[in-house]
Amino acid sequence: MLPLRIRRYRPFLIGAFIILVLLYHVSQNSDWELSQSALYSPKKAPADSAAKDRLNVEYQPPQPPKPTSIAHEKQTTTSAQPTPKKETGIRIPQLKTSNEVPGGFGLPTPAPTVGKAHDHSAAEESHVAVKLPDRPVPGTNDGGKPIADIENVEPTSTKEHWQKPSEWFPVPKESIIKLPTGKPKPIPTVQFNFGEESPEAKEKRVARLNKVRAEAQRAWSGYKKYAWGHDELTPVTRISKDPFCGWAATLVDALDTLWIMGLKEEFDEAVDYVKELDFTYSAHRSEIPVFETTIRYLGGFLGAYDVSGGEKTKAAYKILLDKAVELAEVLMSVFDTPNRMPILYYSWRPSFNENPKRASTRSGMAELGTLSMEFTRLAQLTGENKYYDAVARITNALEDLQNREDGTALPGIFPENIDASGCNRTAQAATNYDNLSDAGKQQVDDATDLNEEPQGYTAGMTAQDIQNGKDPLDLNGVTKRELNRRTPPPRSSVPGHQPPPWKGAKNQGPPRDAQGMPANWDCVPQGLVAGGWGSESYSMGGSQDSAYEYFPKQYLLLGGLEDKYRTMHEKVSAAVKKYLLFRPMAPGNPDILFSAKVTSYDHTDQKLNYEWEATHLTCFLGGMYGLGGKIFGSPEDVEIGKKLAAGCAWAYEVMPTGIMPEYSMVLPCAKADDCQWNQTAWYNAIDTEAEWRDEQLKKWEVNHAEWVQEVKMLKKEYAEAEEAAAKARSEQEAKPKNTHQSGLNPGVHQGMQQDVDYHLTKRRLSEDDKIEVAAKVNKLEDELDLNNIAGHAQQDQQQKPMSELLLPPEPEKPLSHEEYVEDRIKRENIPPGFVSLNDKRYILRPEAIESVFYYYRITGSPIWQDKGWRMFESVIAATRTDIAHSAIDNVAIASTSTSTKDKDKDDDRKQTKPSFTDSMESFWLAETLKYFYLLFAEPDVVSLDEYVFNTEAHPFRRPT
């Protein structure tokens, strides 16, 4: 017989046994794999829809084939994850001639009709093997501090690498736009015909050259010691940051600078590190900023390859071109859209990368139009026309917009934001329930809300990122606005932020239409149009600048064989002259120019709102006009460019630190040929409320006069009251003293007298003593005026001192127009000619010295070298840190010394020196210091007749 205790727990033991048996059977018959690829892999569908209905099974719409991994790595996970198919490399198809319609830029063939991405493998005739081994992210600096910002990087076994996706909208090989072929056209020379240099001039030039090189070595040494292998150095705190995916942006961006400056040892060391870069993975960003990645990384590789010898270079440098190809293969996926317009913020993770996409409805003009040179040069070096095709379609689309009647408010130039989606949503084709497939209808029925985003979804991040505590809006400590040197589109419109695979009620994936594409995918097609709603902004500044710069440069890069780039540039030049250029008013009447920002609110040029800006980014314009004017034979444009370059140099010279601010406003002249300095007009521009201020001053004068009269009246009344009080006191003093023998005052203070009498009686004083005491009490009462109760209150009021007189407050005098302006000028250090200093930072930008460099090479005048040298000395003085150089917060602060004695006198003394913002962007070495160096190098070092610079100052060799 079982013990009582065992019998008591017998039901629980039986229940536990049954649960164990059930769990065993469940584990044998269930799919426990939780990987995302398994979760969203399509099920095998029945042969037809009728069969589906008969079998009564859940039907999954067809999906693109599983992407093939470009990174040949062994992924080790704890779950039984399916192993992706391996290939030996990327297969690139043979390219044939183009049957593209002239001027067309859209996809020449319809989208797939079965919802399946195109697979090139069947039609490919050749392939190029590219090996991308898995590389660990460096854990420490080379001789510096530990890298704090990568301590929590996921282990290699859980890394999610980019995988080359199959295309949804492939371009047929026969429709690929080919590079222009033939002998380059004769193009006028750009550079001045320099003669022999005098020994004195050479000595001066070489001394300056060496100082520039020394500062470049200083910046590079700081980067190498404290941020090696990372994107940027923070030159004050001596750590690193990675706003550009952590692929060593400064290192790649500076490669050709190192070569040009003769720093071959540093160059070779950097090239060795390039081998370690893996563009299929980033521990720092889930999206790739396409524009910045193209100009800095892709341009950096190509520029370094060209200046180091190109095809004639030694074998060790061939890695530069190989890496350019590897990166380009990743970036080519951004063009897989219905109209082949690029995704500008590319979510590279496979979980985001498998669905069809469209370009943004709010693409920045600069980001959209500044890809052509890099992909064109890559096509020239590799012979792969697909790279040229990708950017030629963007050019065709822009050409169509420029030539379209009423295409833009200002004919010839483009608005700041472009709708590149290819969809006319205002005339969208209806897609309703009846158009859906049976599977699509079922998904609609099952889903509770198709418009609801997946629970826990955060744009641009995976669920694992959020679980790991990563801030969805943090990009390694910098915001998107900070990381782009051109202002990016708002985050809500960034096309790269694609949601993860849609999850309905049964995790079926996104709803599909009758052709297998995502529901609501179809729309009325259109070309490029102005993005956003309402107003359109036009300028040569941020978000637009480099797109215009590339038209004449692309013409040079193609050897003059594609005339559309010349035509587009000339239309831009004419429009800028018509709508944007202006001469600022300044003391001394300098003959300089700036370019304004214009806003149209009705899509016409009839009612335009002007901002007379002087921005650092716009300073590239002088070089663009000079280059275009030289190669297209326009002396007028060369002269305009010279005035634009001189304008930016002037903006440097007049600031307290000798450095131009990031953004400011100046005073325009009504006529460029009649522009005399007028201080009254300058004051009126600084203070646009002069009339209101004068009215307030007049009101104050009236109110102040009334206040004066009121004070006079009150003082008179008080004086009369004081006089009456004095008279009363005199009369009181004239009255005889009350000298009662007994000391009694029966009418007043009886209590006091009684107390005196009581004490006198109790102490048994003599009568003489009593009389003496009573007399003293009476005298004290008279002195205290206690015997005149009736007149006491009146006397107190009469004797009130004048200092206690409460007067109404005096009205505060407002500043006059002149006083307000002079106070603001002094407080903000506004130089004559400037109206406001809206953004006082200097972030080590290159655009001003870029145009100065161009005009030295174009004119041969040493004046430009002198201008550039003053700029260099000012920049170094304000930005030099202990290890490198930093951006500063305020260029309007003069660096003046102040004694300790003077400082002690004024605790609230204003800042007397700019503060470091602890940032050294990669373009400091890639552009700014390179242009300073080339300004003092011999003219044949990177000659403008042999090379053409991309917008990041990477020199591409022109065809010969």
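Cβ atoms here come from the backbone N, Cα and C positions, even for glycine.
Whatever TrEMBL says is automated annotation, not expert-curated.
The active site, proton donor annotation in TrEMBL covers E292, E662. Residues or ranges marked as active site by TrEMBL: D545, E847. Residues annotated as Ca(2+) binding site in TrEMBL: T951. The feature compositional bias 'Basic and acidic residues' is assigned by TrEMBL to 116-134, 724-736. Residues annotated as compositional bias 'Pro residues' in TrEMBL: 487-502. Here TrEMBL flags C619-C648 as disulfide bond. Positions annotated as region 'Disordered' by TrEMBL: 57-91, 113-147, 482-519, 724-751.
Structure coloured by features recorded in TrEMBL.
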| residue | record | CB count, 10 Å |
| --- | --- | --- |
| E292 | active site, proton donor | 23 |
| D545 | active site | 26 |
| C619 | disulfide bond | 30 |
| C648 | disulfide bond | 29 |
| E662 | active site, proton donor | 19 |
| E847 | active site | 26 |
| T951 | Ca(2+) binding site | 28 |
Summarise the compositional bias 'Basic and acidic residues' (724-736) as counts of helix, strand and coil residues per DSSP. 11 helix, 0 strand, 2 coil
Spatial neighbours of C648 (disulfide bond), counting only the recorded positions E292, E662, E847, T951 and Cα distances within 10 Å: E847
Among the recorded positions E292, E847, T951, whose Cα is within 10 A of the Cα of C619 (disulfide bond)? E847
Cα of E662 (active site, proton donor) to Cα of D545 (active site), in Å and rounded, measures 15
